[in-house]
Structures are given as C-alpha cells and as structure tokens.
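Only one structure is covered here, and it is reproduced in the block below.
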Amino acid sequence: MKIYLVGGAVRDALLGLTIKDKDYLVVGSTPAEMLSLGYRQVGKDFPVFLHPKNQQEYALARIERKTGTGYDGFSCDANEHVSLEEDLLRRDLTINAIAQDEQGQLHDPYGGQQDIIHKQLRHVSQAFVEDPLRVLRVARFAARFHSLGFTVATETMALMSQISLSGELEHLTAERVWQECERALATDEPQVFFEVLAQCGALEVLFPEIHALFGVPQPEKWHPEIDTGKHTLLSLKQASLLTDDMAIRFATLVHDLGKALSPKESLPKHHGHGQKGLPLIKQFCQRLRVPNDYRDLALLVSDQHQNIHNAFELKASTLVSLFDKGDFWRKPERLNGLLSACIADIRGRTGLEKSAYPQAAYIEHCFQLAKQVEVQKIIADGFIGADIKNQLNRLRILAIDEYKQSLIKKQPN
C-alpha cells in the first residue's frame, strides 16, 4: 500500500500557488483494508475514503472505461493491481497528472512538469475525448491560469473541437455545465473561458445565446470593437476588475443578448435590445438552472442599463419608478449591482477601458435623497391608505427634482 498526493495540490505547489484542498491516491490497497484501518467510505461510483483523523479524501487507484455517453458513461475498475501510472493516465491534463509520494519525490510519467515550464494545458492521452466535461474544465483552467501565461496546446484544442462536433456535449447535465461556468466566472480572467469555448466550437452548443452575438455589428462611433460578442467579453473582463460578485459578472455577460435579435435592416443600431433580451436571459437561466439571484439581477441590468447610461436626461419621476422597479428600497445592493454592470458595459470597449462614468455617482445620490423621505412623517401629517404611498412618491420625486435644479444652476452660462 502506497499513498501519493495528487492533482491540484501538487500542481499548485509547483506553480507557487496557495494549496486549498489535498487529494490522496492509494495504490495497492482494497476497500476492505481501508475500512480496517479506520477510513470511512464516501464514494458511490468509485472507492473514496475519508481519513479517520483529518477527514481528507483518499481514493483507490482506478481505471475507467467508456461504456456510454456523457461524462458519467464510464465503468470503474479499482483494485490493488492498478498502478500509479495507470491511474494518472485517466486524468485530463498533464499538469494534473503529477503525484508526490510520502518521501516528497515527484512522479511525473506524462510530462506535466515540462508543460508547467512551457505554460501548456495539454491532454494526457487520447482518452481525453471520452469525457465531454473536459472541454469545460480545460476552458476553466485556461481562464484560471491565463494570468500565468498558460494556453491550450494546439493538439488539445483539436481534441476539444472533435468533442464539440461529436454530439457528446449535449449529454452534459445542466448542473455540470453551470457548475463549470460559475467556477469560471470566479476566476480573474472569466472571458477567457468563453473565448476558448468559442475557439473549439463548444460555445455554440452550450451557450448559443452568447455565440449568437459574434458577428453582430454595433455603431463604430460608440463601439470601436464593433462586434457585439467581442464587446460582451471585454465587458466581462471589466466586470472582473470591478468586483468579485459573480452575480454582477453574470449579469454583465448576458446584458446585450437582445442585440442578436435586432433586424438586419436596422443594424448596426439595436433599438430596445435590453427588453428584447429578457426572454433570452430567462431561457438561458432556466436551461442551465442558474440561481434566481443571478437571474433577477441579469434581467434588471438588461432592462435598465440604457436608462442608467442616459441618467442625466431622465425625469425625477422616471428615476423613482426605476428605484421602485428594482426594489432598491428593500435591496439597495441590487442598485450597486446594476451600476457596476453599467460601468463594465461602458468600459468594455476597445480603447475606452478607463472611461469615467459619472452616472453612477449621480444615480446613487438621487437614490439617497429619495431614501431620506420618511414615511412616519407622512403618516404624522395625516395621510392614510393609498395616499401615504402617493405622497411618499411625490416627495421622493420632489427631492430629486430639487437636486437636478441645483445642478442646472451650477452650470456656467
């Protein structure tokens, strides 16, 4: 019985990154022996055990054979005769197929250390094509390690394209697709995830609403990058610089889906694209079972981002209506999410990444003024029933109007 540290812990140590989780591989043992040593079995599909003291995971070495479609269409053979090399052979990337024994010696039969040196995400074997989930995993690793200079090896990208054409991606469950997407959104370079999927043909299969944006032109006056797909990913990058909040990043990703529905004769203009995108966002979120808070913010951003961009031209009554619609009185963090996504939208344009966005401070100030209106004072003044809400609305509008008038007076003649 031999025990090895494997996978991400070894890889991250070699990259000089913080190690979060440790996974161990056990070679030359059986479930019966593990149980006799006090380990507790937790794996249903293959033998995984928890250490009796530290509760870390220990998996028996195994061989997998393709038996059906999708990422779970495999049979598992875990026995005491499976070697370290055989277990590492089934792993996705060479950088994830390095093991460290109890003496600290590295075992690297497939060249993972060389690929770390050369910053390559490379498949271990041709069996890579048997698991469609690996397309998403490699794209996620490309996003995660982009800042370190990693790229997908040419031959690995070819295999990813092969999987995309095979129909295997359609067998992935919504939960697994969203899980990988959400983990990619949490990286420092989330846009790279979608760039890699587009490059191998998987974007069209798994995220057709985003794929449809590529090739859709926008007015060059406002969008030097012209292409809506490019703008979307540039905006996502800007969102990642502004916030770690994944709901805001997701809302930024889907804020312009409606532009794919603009009539060809009206291009490059996109009248009402925010509202046209609402059914597409709902469809996207329902298909992939996106969390409700992500969906709700995404719908708000799509519906209102043009209004926020035009904030200085909006009437006070329109602003109060916007605050009502966004439920900002109860959930002020939603206003922050909306404004952050709008900033990312404005800065997600080639050459305009440093653009100022005074609309955000203006909207925030208007909201704070409206929020200062006290309901208790309205009740004390004798208003009852529906008149309370009407007076509250009137005073909120008045507060914003007075502020707007003060700004006009400050302007030079």
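Every residue gets a Cβ built from N, Cα and C, even glycine.
Reduced to three states, the DSSP call for ARG137 (CTP binding site) is helix. Within 10 Å of the C-beta atom of ARG137 (CTP binding site) sit 19 other C-beta atoms, taking all shown protein chains into account. For GLY8, ARG11, ARG91, ARG137, ARG140, the entry in Swiss-Prot reads CTP binding site.
In the three-state DSSP scheme, GLY8 (CTP binding site) is classed as helix. If you look up Swiss-Prot, you'll see GLY8, ARG11, ARG91, ARG137, ARG140 marked as ATP binding site.
Long-range C-beta contacts of ASP23 (Mg(2+) binding site), restricted to its own chain and to partners at least six residues apart, with a cutoff below 8 Å, comprise LEU5, VAL6, GLY7, GLY8, ALA9, GLN56, GLU57, ALA59. Residues or ranges marked as Mg(2+) binding site in Swiss-Prot: ASP21, ASP23.
Among the features that Swiss-Prot reports, domain 'HD' is placed at 228-329. Counting residue by residue with DSSP, the domain 'HD' (228-329) contains 78 helix, 0 strand, 24 coil.
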ASP21 (Mg(2+) binding site) and ARG91 (CTP binding site), Cα-Cα, nearest whole angstrom:
17
With H, G and I counted as helix, E and B as strand and the rest as coil, say where DSSP puts ASP21 (Mg(2+) binding site).
coil
With ASP21 (Mg(2+) binding site) as the reference Cα, tell me which of the binding-site residues ARG11, ARG137, ARG140 is the closest one.
ARG11
What span in Å does the ATP site cover, taken as the longest CA to CA distance among GLY8, ARG11, ARG91, ARG137, ARG140?
16
Can you list, in sequence order, the residues of the same chain other than GLY8, ARG11, ARG91, ARG137, ARG140 whose CB lies within 8 Å of the CB centroid of the ATP site?
GLY7, ASP92, LEU93, ILE95, ASN96, PHE141
Of GLY8, ARG11, ASP21, ARG91, ARG140, the binding-site residues given in the record, which has the fewest other CB atoms within 10 A of its CB?
ASP21
